[in-house]
Each structure stands twice: as C-alpha cells, then as structure tokens.
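Q: Sending over a structure as structure tokens; questions will come in a sec.
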Amino acid sequence: MINVMYKNSCPNCGGDISGDRLLNGLPCEACLPYINGIDDVDHISKVKTLYNILLNNDKIKNYWNLYYNITTFETVFKYFRDKTGYEPWSLQKLWLRRLASNQSFTMSAPTGLGKTTTLMTYSVFIGQDVVYIVPTKSLMEQVCKRLEKLGAQVSCGKIDQKKVSVITISYLNKNADSIVSLKPNFVVIDDADAVIKSGKTTDRLVSLLGIPKDVYESAIQLIRLRNKYYFSNEYTEEVKEKIRELELKIAEFKDKISQLVIASATIRPKGIKQKALRLLTGFEPSSIQLYARNIIDAYTENLDLSIVKELGSGGLILVSKEYGRSKLNEIKKYVEDLGFNAKLAISGRKFLDDFSQGKVDILVGSASYYGVAVRGIDEPKRLKYVIYYGVPKIRAKLFDALSNPFTLLRVGKLIGIDFSKLQNKILILNPSEVQLLKFSIIKGESINYHKLEQLRQELLYYMSLVKDKLKEKVEDTLISDSFVITKQNGNYYIVYPDMITYLQGSGRASRLYNGGLTLGFSIILVDDRHIFEILEKKMQKLFPNTTFTSLSNTNLSEIKIKLEDSRKEEGNRVHFNISTGLLIVESPTKAKTIAKMFSRPSVRIRNKVPVYETIIVDGNQIYVLDIVASKGHIVDLTLEDIGYYGIKVEDDGTIKPYYDLIKKCLDCNKIFSSASDKCPYCGSANLQSAQTTINLLRELALSVDKVFIASDPDTEGEKIAYDLASFLSPYNSNVYRVVYHEITKKAILEALRNPKKINTNLVMSQIVRRIEDRWIGFTLSNLLKTKFNGHNHGAGRVQTPVLGWIVNKTIKYKSAMGHVVYIDIAGYSIKKYFSEKRKVEEYINNLQVARIEKISEEKILLSPLPPFTTDTLLIEANMKYKLPANLVMKIAQDLFEAGLITYHRTDSTHISSVGIEIAKEYLQKQALIKEFVPRSWESSEEGAHEAIRPTRAIDVNELIQEIEENPYKYSIRFSKLHLLIYDLIFKRFIASQMSHAVGTKSRYLIKLGKDDNVDVELLSNAEGGFIKVYPVKVYNLPVGEIQPKVNITKGSSEQLLSYSDVISLMKSKGIGRPSTYAKTIENLMKHGYIVSSKRKSYLIATNRGISVYQFLSSKFYDLVSESTTSRLMTKLDDIALSKLNASTVLLEIFSEISTLVNPLKSEQNV
C-alpha cells in the first residue's frame, strides 16, 4: 500500500498528515485518532462536528479559523434572510463571504443580480463606521430610505462614524479636511467613474481610506519609476533596489486600509493616481461584465427612422458620433413630430427618471462607449428596443493612428508596402513597449533604450512611406478586413466598427428582471455597408449564433408582442442558473487566456497572485469563476532526512512518500522542498513558498460553491490535481477534476459540464515514477560525487542509456576522423569519406565532371503523414530548423496555453470529429474541398488524447492578421519561432486530412569517375493532393554531364547523433514518453555530460559525460540498461491502466537498488 504523507500540512496542528485524511476533510491522527459516521454529512456540519470534538479533547488549534469563517458566513446569511425575507443567491453568497472576509473587490455583475441589496444589508450588519458613496443627491436620498427600511442608523449627507453614512462624490471633494484619515471600517462606491476620471477625487478617497500621504506618494513614485526605467538603459541596480524598497513599503501597509467595495464602473483607471490606488487596494474597478444576450439583431440599408411609429414607446435611438450634436436635436424633433415625447440622453439622470415614470417615450443619445445613453441606462420594464442611426464607429485621423506600430503595419500592408523586415519586430512587442513607442512618436521624443529607439526610427521611416504612397492613391476609400480608410476634405481617416458600443448599447434593451433576461430588439440603420459587414463578422466571432436579419424579413407585430410579454411579471424571459466556482490551472498564461476567452475579466491581486474573475455562459448556466494558477506542482518529495531519501518503507510493505511544500530561492533561483526557512544552496532567507498559493486557494475555496481543478491532462497534471484536492478538501467538499485537451470555449464548457473524480491510477503511476527517479537519482548522484569529487553530478534511469548512445557515437566518431568530401549534384548531396588528406586531393583531381543517366521512372502514390505527436514534432522541428527539443517544447507550451493548438504532450495520432471539421472548414475557405479526405488516423474515444493540431481553421497568415488587429488577444509574446512552429503544426495537420499526391520516382546512375558510380532512387516530382499545403523535397537531376560543386571538411565515417536521432531512439526503444524527450536531453546538458554543436546541432559527449557513463555502465548496468528502463516504462503505463499494483513495483525497485548499491557503498574504490 502507498500512503501519501504531507509534511506540516494538518489544517489544525500543522503536523504531518496523510492524503486520505485531507481528502476526507479531516485533521491528522495526532489531533483526531479515530472518527466515523461523518463521511456523508454536508461540509458545514462536518466542520462544526470536528471543531466540537477537537475542542472537547483540548486539541483545537488552527481549525478554529475554519470554524470561525464558516460560522461567520452562516451568521451573515441568516442576517440577510431576516432582513430581505429570502435566501441569498449563489452569487450574493459569494459577495457576502468576501465581505465578511474583509476583502476589497469590484462587483462586476449587471444590475438585477442583487448588488445593491447585498451591499446595503451588509452595511446594516456592520451598523456603524460605514461610508456609502453615490454619484448624485437624488440617488443618495433613495439609498438612505432603503437603508432605514432595513433598520440602519443612517447619516444622510454627512459622515457620522457611529452610523451608516451616505454621501455624494461632491461631499467627498468639498470636505477634504474633515475626512483625512477617518479610515472607516467599510467604504462602498456605488459608481466609480467619478473617482476614476478625477485625480482630485482619488486624493480624497485615499485620505478617507486611511492611507498615509507618504505611502500614497510612494505608490505614485513606484509607478513613475517603473514607467520611466523599465525600457531604459539606465535601469541600474540602484533603480531596481529603489523599486524593491517602495514595493516592500507598500506591501507592509496594504492590509491596514479600510475595506473598499466598488459596486459598478464603466471605465478602467488610466491616470497615475488611479493606478496608485489600484496598487494600494490590490484590485482595479472593472466594467460590468456581459452575462448573456437575449436580443434580436436586425439592420436596414437606409436611415429611415419611421420604424419608431411601428414600435412605439420604450425606445432608445443612438446616433453615430460623427453626426454630431445637431443630428441628435434633429432626430429628437423628428420623433416628436411623429407624436412621441422625446428627450436627449446626454448627461445627468433627469432624462432617465422621466423615462422610467413614462413621461418620456423615446430617448435620443450618442453612440459613444462612455456616454450615459450607452452605459448609464438600466430600465428593464420600459426600454424595449434600440435603434442605431448609423453603424457605431470609431473614427480617427489616419496619420495620428499610425503612431501605433500595429496600425502602421496593417495600413502599410493594405496599400502594398513590403513590411517583411519590420513585421516580426512589431509582432513581438508587449503592451508597454507599444505604448512607449506610440507616445514617443506622438511627442517626437527619443527613447533611452537602444533596441526600442532603433525600432522607433524604423517606424518613422515607414510612416513616411505610407504617407507618400497614400498621396499616389486616387481612391477616396480603401477597404480592409477590419477597417476602412476614407479621404474627406483632403484628410485621411481610419474607421473601425465600434463593437463594444454596439454590445453595450443594444444590451440596454435586454436586462435582468425578476431573475430572467428580457427580450430586446436592436436595429442598425446602415450608413456604411463595409463597416457594417466588419461589425457583423466581429460579432459572429464573439457570439457564433449571432445573425443580423434584414428588417424587411422581420415580423414587427410579432416582435412587439414578444417584447411586451417578456416584461410581464410572469412573462417569457430567459432564466439562468448562476453558480460560483474556483478554477485552478497550472500556469498564469493559461489563467489569463481562459479568463479573457469568455469576458473582459476583473483582476485582483491577493498575496501577490493575480486572481481573474470571469463569467462563463453555457446556455442557461452561468458560472462566475475565480481563475488562479498553481504554477505547477505545489509539493515534492521532501529533502528532510526521512526514510530512504524521503520515502519510508515499512516492515509490512507499506510505502510512505513524504511530500513537502515547494520553495524557490529568489536569489539563486533554485527550487527545493523542505521545512527550512533558508535556501540549502546559497543560504538566503529570501524565499517564495507554495504555502502562499495554498493559503490563497483555501481562502477562495471557502467563498465559492465548487472547486474545479484543471491541471494538464497527463500523469503530472493528475498528481497536481490530487495534491490540490488534498489541501482544499477541508475547506470545500465540492472539489472536482476537469480535463480538456485544448484551450477553447467549447473544450472548457465541455469540461465544466462533465466534472470528474481524480484518477488515482494516474496519480499512483506518477508517484512511482517520481519515487523511482528520487531513489535512482539520489543514490547514483551521491556515488558519482564520491567517485568524481564534485557537485552537479546526476544520473537517472532514462538519462543513463541516452547518455550511453551519445557517448558510444562520440567515441566512434572521434576514432574514425578523417576528411569528408561533399559533392553537390544539382541539389542532391553525395558524401565521400577519406582517412588521409592525400587521397582527398587525388580524388578531387580525378573528379572533373559528373555524368548523370536516368535509368527508370515510375508513377507512385504519396500518402500524407499523420499529424504530429510529441516525438515527431521535435524531430521535424530539429531537422527543418535545427531547433533544440527543449525550445520546441517551450514554444509548443506557449501555443497550447494561448489556445492555438491541442495539448502538446501526446503519443497519439488520433484526430477527433472536431479536428476533422477544422480541416474541412479550412479547405473550403481555400477552395481545396475536393482534396478533403477525413481521417481519424487511430481509433480512440472522443475526448481522449489527440495528435497535436490547431484548434481553429486559421493558418499562420491569418494568425498574423489577428495579432495585428488585436495585439492583446493572446496572452503570450509571439516570436518568429512561435509562428514557424505553428505553421509547421498547422500544415502537417491539414495535409493529414487531404488526398494522396501523385509522385514520380526516378532512378539515376551518377558517374563520378572510373569505378565510382552512385545508384540512387529519388522523388523527382510530386503534385496534387496534400502537396498543395505540405510540399515535399524533390530532386530533378539533369541528364548528361555537369560540373559538380565540391566542399571538403574534416569529418568522420561515423555520424554523430542529432536531437532528432536521440528522440527517435527513445521512442523506438520504449524508454521515452512525451513528457521526457526534451527534459532528458536538457538534464544531460545541465550536468555537463553532453554539448550541442553550433552549426548542425549534433549531440557530443564531453569527457565528463564519458567518464560518468563508463562508471555507471560498469557498476550498475542492470539498473540503468535500456531493457530495464523500457520494462519500467511499461510498468508505469500498466499502473496508469490499473493493470499493476503500484506498491508491488516500488518494492521491487527498492529491493533492486538495495541489492546493487549497498555492496558497492562498502567498496573502497568507489
């Protein structure tokens, strides 16, 4: 039996505890030796029961905190029920838990989900020293009345620390002196826009929160230093130290300020003071997140507003910005002439009050993202439809817009300028670099950082080329896939559709009401067909089911009835089930990718870890998820002196691996797993511990309904999931494993719909592999250190035979050194080896011409290769681009985490029905559908591992276009290599779904001299089928005499091994796995056993490597041989498939090591 033990991890005493106990939500045996009868009780009852038992046995320690939090939440929920008369919804429970935990955050939910009720009830619960800030006096009076109804002692219009104070932004600004360092318990901001827009108001809020002036100024200074020096040649150690000092000062004060909650915001902070406030509070005000749409989208090809007459009262007309204020007045008058009461929705709230009360029929406003008509109206019963007068657009002067490198690139390409030299430099820019370049170009200032200054000069040159080229154009309109360039009165403008304004504005007609989403109607009066088509395309990418229906094809009478019906008390609305969750992934990039995929997430920083809150809509199911990265493994086998290298093997055969939290030294960057508070390598106390992540995850798990663990879909990912589930189960009993093989909306939704239990067979396989690696590695490494008197010696079961291959080839290569003549025959190379230089000279002198005869020729069918597996991708990338395996894996990891390819650690060539559809879609786009031949390649269950393939039907050129149009869409920084590898994966996959090609195989006789004939068969032609996407190398040798090109170099009759050779051997001999190919070679290099040749990337053994291998193979051949390693790999696979018992395999390994190693330890000649 294997009994996993976690060091210092009991949720009560902090002692050692088994994984089984943690998964059952129990403390360790020392705290609670025996208990039964609580397995089937709910989580809250279990916590209470355990608390009482621990308390009665005088064992209560840290478990008190868990009990306190649970009971506090219960108290707050009961108070809410008593005050409101109903049970809080799942989302309200999430907010109440955060509030009760004294967290500062933004409520990013739309109106109708109980934000105001939650905040008011909690304010009354606290009872005093609460400040509730609202934008207007009328809203202040409404809030005061509601608070009084809930039973609060209210101070309306001024601050009284013994009451709940409700004030306006105006009061905050006018009473600066009286609010300095009041530091109330709880501060609510109903509408954060006034704070975000005004630096002065931010100053006042900072004072109110109790933030000392010097701490606030330090935050401002820190932001300025980061902005100034991040890309500067003056980013010295002195500047870095100053930044560290400021960060430390701010971190020490963060938990000492008032709790701040922002109920809503429509814009994000941009000013330096607002960014300082974000730094101090740990979160930024985020805009209301879109949960779902229930809207009929329509359009008409004219600007006729007479439709208002048919639709009647309850409309909002949004006028495209370029028409100006005069058009708003003109439309208002037109509507009034139709017999309706109309009012401009430009500023203030009076228009909304009148509209709500039925005094106004139609509102007229500007289609502006920041306008009150687009963001400030929430009238679910009254507002039924929105009419856009003109397609909503963003219009800017073209030459100003060209200061953005990505805009310059897109415009340049559109007008035919060759940007090939500049493209890759622009594509790899991060957001900060783009901003710095933009502002330096606009201001005409140089950049104190050579690389960016050089790029700025190049951008200025290309800007002048674009301007000159535009002057040559006779057309007044230039159209691209994502924007339009127009010429008006001699000036050029760039125009984009404003999709966000369309979404927000049309969303005014579809609001949450009585737990359901009302039906809305949106009509665009199209004034620019090109811009409308771009908008339609963008909308369909975001909401695939979106369809814009021509107004002439709609039944307005029927729509009007449906609009009215959805606003009745028991009307037909779209109802949702909202649940809250914590989604844990491995990497920060993946967390960001998933969060951005579904909505514009809000971010808060907890314990220096970003927590993304996002909304995932799946039909009528809505998930409000916190997404956090564990950063891979959180524990590893302990380095403490326990058992045999951290694993106890007991007399009854029980195996107890002890795991300790992973720590990273921030000075030497080494990683270790022990209880030590100092780095064992350099002695530094500047450490980063996984305990910080665990504490955060436990805190978040307490606040949500469910925990979803979404680590990678392999044995390592399963072990990570097991560890996380162990640490979190005492805090939330609803812990699930979710698995996906690609990061796409469809895959994430499918994973959430089908949560699973953790696969303990995969976990056991990983545990056996890790223990075996520890035992073999530590045992042999210590013997090597003794033998060779040095550090950085290591050995492993897989590494050693691989080292042996490279050592043997290196020795043979060196022993057969001589001279090599390369003869180039029209692109086909012939290699000749000579041991002596004089023979080379003789050969060259006799080689005057080469005579080529074509002996035969035949037509053959060429089959496409299967899509890539891990090994074939590494081999192809090395052969084609000479890239090392670890770099290819790093790039593939980036592409996977960006959602561009499926999981890259796979040995399957299987292609799912989803993958086949992607190939079909692409071939249809490229007019190659006749070549489509669907292949699954190998049978497998749907949802199982697939080959490496793209997740969408976009080739590398379309990907580049996407990056140009939206540089911040992906959460990775692209390089030229990312594009090369993506292109390789994409083309190989598409080719695998295409028809055979027809080739010509030709046999040639090449006569190089007397008795020196070379007979070769070469592919001389290939066409049709998959060749159209994935060309193959062909040789078309000319018949007759030619003058060959000759190159002479030192060389050997033996060939060294390349990366691709080693990976092929690992695969064929059964000792490699997708997760170990690159890592094995990388580890051999780290130990200094092998090096890679610069020009051809051959792997060469060093003298150190040769000595180590000779020692290991002579003393431990049976332990590290190919056959033994291959058998172990098979056993690990069998454990994962539940065919073998894990503890049996480990006991065999332990016996094997003891038998071979113990006698050697006593030898004097080690």
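Just so you know, glycine gets a Cβ as well, placed from its N, Cα and C.
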Q: Under Swiss-Prot, the annotation motif 'DEAD box' belongs to which of these stretches: 190-193, 234-237, 310-313, 838-841?
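A: That would be 190-193, per the motif 'DEAD box' entry in Swiss-Prot.
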Q: May I ask you to indicate which of 1-40, 401-440, 1001-1040 is given in Swiss-Prot as zinc finger?
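A: Going through 1-40, 401-440, 1001-1040 one by one, Swiss-Prot flags 1-40 as zinc finger.
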Q: Looking at 326-353, 522-549, 662-689, 1082-1109, I want to know which stretch Swiss-Prot calls zinc finger.
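A: Spelled out, Swiss-Prot records zinc finger over residues 662-689, not the other listed ranges.
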Q: Out of G114, T116, D712, point to the one nearest C31 (Zn(2+) 1 binding site) in space (Cα versus Cα); all of them are binding-site residues in the record.
A: D712
Q: Are there any residues in the same chain, six or more apart in sequence, whose C-beta is under 8 angstroms from the C-beta of D712 (Mg(2+) binding site), and if so which?
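A: Same-chain residues close to D712 (Mg(2+) binding site) (Cβ under 8 Å, separated by 6 or more) are E586, I720, Y903, R905.
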Q: Which has the fewest other CB atoms in a 10 Å radius around its CB: C28, C668, the listed binding-site residues?
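A: Across C28, C668, these binding-site residues, the one with fewest Cβ atoms within 10 Å is C668.
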Q: In DSSP terms, helix, strand or coil for Q92 (ATP binding site)?
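A: In three-state terms, Q92 (ATP binding site) counts as helix.
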Q: When secondary structure is assigned with DSSP, how many helix, strand and coil residues does the zinc finger (1-40) contain?
A: 5 helix, 5 strand, 30 coil
Q: Give me the non-local Cβ neighbours of C682 (Zn(2+) 2 binding site): same chain, 6+ apart in sequence, Cβ-Cβ under 8 Å, ordered along the sequence.
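A: Once residues fewer than 6 apart are set aside, C682 (Zn(2+) 2 binding site) is near C665, D667, C668, K670.
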Q: List the residues of the same chain that sit at least 6 positions away from C10 (Zn(2+) 1 binding site) in sequence and have their Cβ under 8 Å from its Cβ, in sequence order, or write 'none'.
A: D16, I17, P27, C28, A30, C31
Q: Any idea what the Cα distance is from T116 (ATP binding site) over to C13 (Zn(2+) 1 binding site), rounded to a whole Å?
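A: Counting only the Cα atoms, the answer is 40 Å.
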Q: Return the average pLDDT for the domain 'Topo IA-type catalytic' (759-1157) as a whole number.
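A: On average, pLDDT over the domain 'Topo IA-type catalytic' (759-1157) sits at 93.
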Q: Counting only residues 6+ apart in the same chain, whose Cβ is under 8 Å from the Cβ of G114 (ATP binding site)?
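A: In sequence order, P88, W89, L91, Q92 meet the Cβ cut-off.
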Q: Which residues does C679 (Zn(2+) 2 binding site) neighbour through Cβ under 8 Å, counting only same-chain ones at least six apart?
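A: In sequence order, K663, C665, D667, C668, K670, F672, A685, N686, L687 meet the Cβ cut-off.
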